[in-house]
Amino acid sequence: MSKSPVAIIILDGFGKRAETVGNAVAQANKPNFDRYWADFPHGELKAAGLDVGLPEGQMGNSEVGHTNIGAGRIVYQSLTRIDKAIEEGEFQENKALNNAFTHTKENNSDLHLFGLLSDGGVHSHINHLVALLETAKDKGVKNVYIHAFLDGRDVAPQSSLEYLETLQKAISDLNYGAIATVSGRFYAMDRDKRWERVEKAYKAIVSAEGEKFEDPIELVKASYANDKNDEFVVPAIITKDGKPVATVKDNDAVIFFNFRPDRAIQLSNAFTDKEWDHFDRGADHPKNIKFVTMTLYNPSIDAEVAFEPIEMKNVIGEVLSNEGLSQLRIAETEKYPHVTFFMNGGRNEEFPGENRILINSPKVETYDLQPEMSAYEVTDALVEDIKNDKHDAIILNFANPDMVGHSGMLEPTIKAIEAVDENLGRVVDLILEKGGSAIIFADHGNSETMSTPEGKPHTAHTTVPVPVIVTKKGVTLREGGRLADVAPTMLDLLGVKKPAEMTGESLIQK
């Protein structure tokens with residue numbers, strides 16, 4: 001039977017900004033997007049700050065965006081939850097955190113804090129690290145050591161010195177704690193099974209393998225002199241009197257303070273997985289450690305969780321499933337967790353009638369080297385699926401504008417957007433041919449802002465609104481939409497009643 005599918009098409013990191021300087025979206029040749037914009041109802045969506053459950057003025061990101069899209073409601077994010085817990089005193093009494101503190105006291109051992117050192121608010125926040133230091137001191141933990149992962153991606157490429165200085169000031173004010181290792185997130189926070197990267201971070205933390213520096217500031221400056229920005233700082237060891245400040249040893253406790261799971265899973269597994277076979281962890285692999293993660297990274301990780309997920313009922317996948325509609329989730333590796341786990345409200349398993357296609361992202365050092373990434377392969381697989389009338393609903397993500405946008409390089413990002421546009425045309429024209437419709441939009445901004453006002457590369461997400469197109473003639477879109485309104489719009493196009501839990505509203509004016 002022929003199907004007329006309704007698709008959610010996410011152009012990841014494709015924001016809307018009037019200024020064309022440093023704007024890859026505006027400068028790209030994108031005839032298909034421009035044609036849909038001209039021919040169909042369009043507008044913009046809010047995708048940052050309070051509109052997606054983040055603090056006011058906080059840029060959106062893919063995890064937050066896809067969670068809000070799938071939920072059809074504003075979902076208060078981990079960043080906001082943890083901030084609130086610190087403010088209201090719940091953080092200090094958190095059971096999992098206190099279990100880590102107790103473990104060190106009972107074993108006369110050390111506490112180690114792992115995480116991304118910035119105020120980017122995408123994976124972590126430096127305020128949470130400072131709160132952990134204050135709380136550990138209050139609770140009588142004797143020694144605490146920080147293993148700092150440098151950002152340079154959700155914040156400026158060379159901004160780690162200011163975060164290290166903020167951290168050193170907190171250490172000095174509290175007269176408590178020390179930085180033990182420093183690593184660029186490229187190594188410590190890989191999510192693409194590049195195990196040789198994770199191994200470098202792991203061995204720095206456990207075996208003090210790596211270059212030695214007495215001062216983290218000098219370490220970063222040496223890295224810059226070597227043309228390696230924060231993200232790419234090779235894992236290195238901080239020493240005192242010629243000896244490593246600290247390594248993770250038997251009976252220690254670890255708190256991984258990243259709240260976003262995807263880039264914290266592999267390193268967590270390196271410490272906790274009993275069946276590990278990705279690299280030789282060596283004789284130093286610590287035994288009997290208490291491992292605590294800020295949020296649930298993956299149910300398979302042997303760790304206590306400080307902030308358990310809030311279960312959500314009636315996300316888009318569940319509603320489609322309950323209606324007996326078939327649905328496809330499709331993306332390349334970089335954004336596959338977003339169209340599955342995050343879109344399903346933090347649920348790994350499929351709903352009945354939900355199918356998934358994962359296309360591998362290319363194995364390149366950085367995506368500016370291959371701006372098209374796997375967009376053509378994703379599209380080939382999807383076109384085949386649509387031609388064969390497989391699914392009633394489709395959720396697709398094109399990763400390129402975001403992943404190449406993070407390079408801070410304008411030309412490759414323009415190429416990335418042009419590749420996406422070509423593939424967007426193939427998908428949407430086929431859907432229209434089948435009598436279906438698509439909601440084309442982005443989860444957050446990035447590629448529309450590739451340079452700072454000073455003309456330096458801009459690699460982070462932004463707070464700008466994102467464009468939205470609904471490829472259905474004869475309807476009008478209301479203004480003031482946000483990401484939470486996308487799922488209700490899909491249901492509207494499918495003729496399905498929106499459940500009470502979805503507080504978002506269809507973008508189509510009645």
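Note: Cβ is positioned from N, Cα and C throughout, glycine not excepted.
Keep in mind it's a predicted model, so treat the numbers as computed, not measured.
For the substrate site, Swiss-Prot lists His123, Arg153, Asp154, Arg191, Arg260, Pro261, Asp262, Arg263, Lys335; matching the candidates Arg185, Arg197 against that entry yields Arg185. Swiss-Prot annotates Asp402, His406 as Mn(2+) 1-binding residues; of His391, His461, the candidate listed for that same site is His461. Swiss-Prot names Ser62, Asp443, His444 as Mn(2+) 2 ligands; from the candidate set Asp12, Asp110, Asp392, Asp492, the record adds Asp12 to that same site. Candidates His123, Arg191, His444 (binding-site residues) were compared with Asp402 (Mn(2+) 1 binding site); those inside 10 Å Cα-Cα are His444. With respect to Asp12 (Mn(2+) 2 binding site), the closest of these recorded positions in Cα terms is Ser62, chosen from Ser62, Pro261, His461. Residues Ile10, Gly13, Ala47, Gly60, Asn61, Gly65, His66, Lys335, His338, Asn397, Asp402, Ala442, Asn446, His461 surround the recorded Mn(2+) 2 site, their Cβ atoms falling within 8 Å of the Cβ centroid of Asp12, Ser62, Asp443, His444, which are themselves excluded. Residue environment of Arg263 (substrate binding site) contains 21 other Cβ atoms, counted within 10 Å of its Cβ in all protein chains. Inclusion criterion for the binding-site residues His123, Asp154, Arg263, His406, Asp443, His444: a C-alpha placed within 10 angstroms of the C-alpha of Ser62 (active site, phosphoserine intermediate); this criterion is met by Asp443, His444. His406 (Mn(2+) 1 binding site) and Asp154 (substrate binding site) have their C-alpha atoms 8 Å apart, to the nearest angstrom. Among the listed binding-site residues, namely Asp12, Asp154, Asp443, the Cβ with the most fellow Cβ atoms inside 10 Å is that of Asp443. For the pair Asp154 (substrate binding site) and His461 (Mn(2+) 1 binding site), the C-alpha distance works out to 6 angstrom.
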